[in-house]
Amino acid sequence: MLALLSATTLALVAGAPWMLLAAAGEKNLQPPENIEVYITDDNFTLKWNSRIETIENVTFSAVYQIPEVDDWMKLPGCQHIVVNKCHFSPLSSDVYEEVKLRIRAEKGNDSSSWSEVYSFIPFEEAQIGPPKVHLEAEDKTITIHISPPGTVDNVMWSLDVSAFTYSLVIWKNSSNVEERIETVHPGDKIYKLSPETTYCLKVRAKLHLYNKNGSYSPVYCINTTAENKLPAPENLEISADNENYILKWDYAYVNATFQVQWFHGFLKVIRGTNLHKWQQIPNCEHIKTTYCIFPRKRLSKGIYYLRVQASNGNSTSFWSEEKKLNTGIYIVIPPPVISMKSINDSLRVYVNAEEGSVKQPYPLIYEIIFWENSSNVERKFLKEKKDFTIDNLQPLTVYCVKGRAHFVGEQLNKSSIFSNTVCEKTKPGNSYKIWVIAGICIAGVFILFTMYIMKTLLRCFNYVFFPSLKPPSNIDKYFSEQPLKNLLLLTSEEQIERCFIIENTNTNTVMKETNQIDEDHKKYNSQTSQDSGNYSNEDENSGSKTSEELLQLETESPEMNS
């Protein structure tokens, strides 16, 4: 029994080093490091580094967490991986939300601690993969069909499929020199190639909005066919007037007829083939002229493509090179109609559209050139409003204005021709009115002063040459009775003194008394008026009256005597 225990003890001691190493290895499992995620389209690749690659039977497992869920979940395709990478698909339809990952090493029932959390946003890390390409040869052209990167139901680019643009590099197979680089859309044609020649090309996709450039597709090669007997029309050019578009082209053959078709530009960026969406332009079918005129109103605002095909009997050419029509480039801006109205020392300018012109759907800016009619110095300014005022002008001055309209866009600058010149004379300003009022006041004061001077001179003239008939005030105040005042008034002509001879003695007595009274009266008058030098005729009138009384007494006396 003792021997058996001793043997067992020896066996345990001999095996102890191995058991200790195994235990130490399990306790020393280190978590992965340098975690990285690589994304191309919908393909996710998780990579990491590990320090325990020498230990056998070690695997790795990853878990993830998204904002909607608090728990960590197993990452599909990345459980018990024996290598340092794994592949998985998008974890959510929202490629713009943050995803967190972590990894640990495992061996049997033992595992390391979790690695540091690695966070990323799928769309920011994603790279654009190569597109799928299919080619068709036609005469001297190659039609290129392109499928966007990723699968049909991809998640990463589901919102940006229509935003992809494609860059193409093409060269002749006989030469390794890259011939030219073009931007193309699915279904586009590559023109101006040589017939019966092998061309090779490669394509890559771009998202300019996010500054993402994809990887190139594999190289595809194709042979162009023999040249067609009836060539396609060439050198398509588009012009426009106020109402119509005019499409012109060159064609060397006579007795050919043509047809013109148009295509919506936005259909080129829609996934799938839209070759059947070409439409015939009315009045441009089976025409013999090398131009086509169609109304502008038929095409709304946007981008279109036009193409022309020639026919001669039973022979038909291939379609011409497509011509891009951007309706914004071919807008025709008519010159504005300008009118002016004078307001004091300012001019009110009105800008209107030409009568009968098409209403412009674009905002316009008006360039106004303004000058004084007697001067060549011009003032130029830009206005967005259709009516404005030009202030601080000289009164009673003729000013002239002309203008033109501008459309300024991101990709287009367009201008009209100048309008007719309009001239207008300014009215008197406020300062002129002040001067007029001041002049009127000064003239009024001058007239009043002149009238006063004239009146004063007239009074002096009348005083000297036409004196007043009224006696001076120092004399007039002594006469309170009107009869006495009239005694000193001058007569217009000299009165003739009347004398009478009365023989009757009685009458003589009366006459004597009367004469004595008259003499006393004259004596009094002569004393009171000796300073004036003028003599009144009242005494004559009184004397005449007294004589009449005496005559009456004389007449009555004989009657009394008898």
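Note: Cβ is positioned from N, Cα and C throughout, glycine not excepted.
According to TrEMBL, the features are:
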COMPBIAS  525-536  compositional bias 'Polar residues'
COMPBIAS  549-562  compositional bias 'Low complexity'
DOMAIN    29-113  domain 'Fibronectin type-III'
DOMAIN    127-213  domain 'Fibronectin type-III'
DOMAIN    230-317  domain 'Fibronectin type-III'
DOMAIN    332-411  domain 'Fibronectin type-III'
REGION    514-562  region 'Disordered'
SIGNAL    1-15  signal peptide
TRANSMEM  434-454  transmembrane segment
Compare 29-113, 127-213, 332-411 by their Cβ pairs under 8 Å to the domain 'Fibronectin type-III' (230-317) and return the stretch that comes out on top.
127-213
Could you pull the average pLDDT for the domain 'Fibronectin type-III' (230-317)?
87
With a Cβ cut-off under 8 Å, give me the same-chain residues at least six positions beyond the ends of the transmembrane segment (434-454) that come close to it.
428
Residue counts in helix (H, G, I), strand (E, B) and coil for the domain 'Fibronectin type-III' (230-317), per DSSP?
11 helix, 48 strand, 29 coil
Using DSSP, how many residues in the domain 'Fibronectin type-III' (127-213) fall into helix, strand and coil?
6 helix, 42 strand, 39 coil
Count up the helix, strand and coil residues in the domain 'Fibronectin type-III' (332-411) according to DSSP, in that order.
0 helix, 43 strand, 37 coil
For the domain 'Fibronectin type-III' (29-113), residues assigned helix / strand / coil by DSSP
0 helix, 40 strand, 45 coil
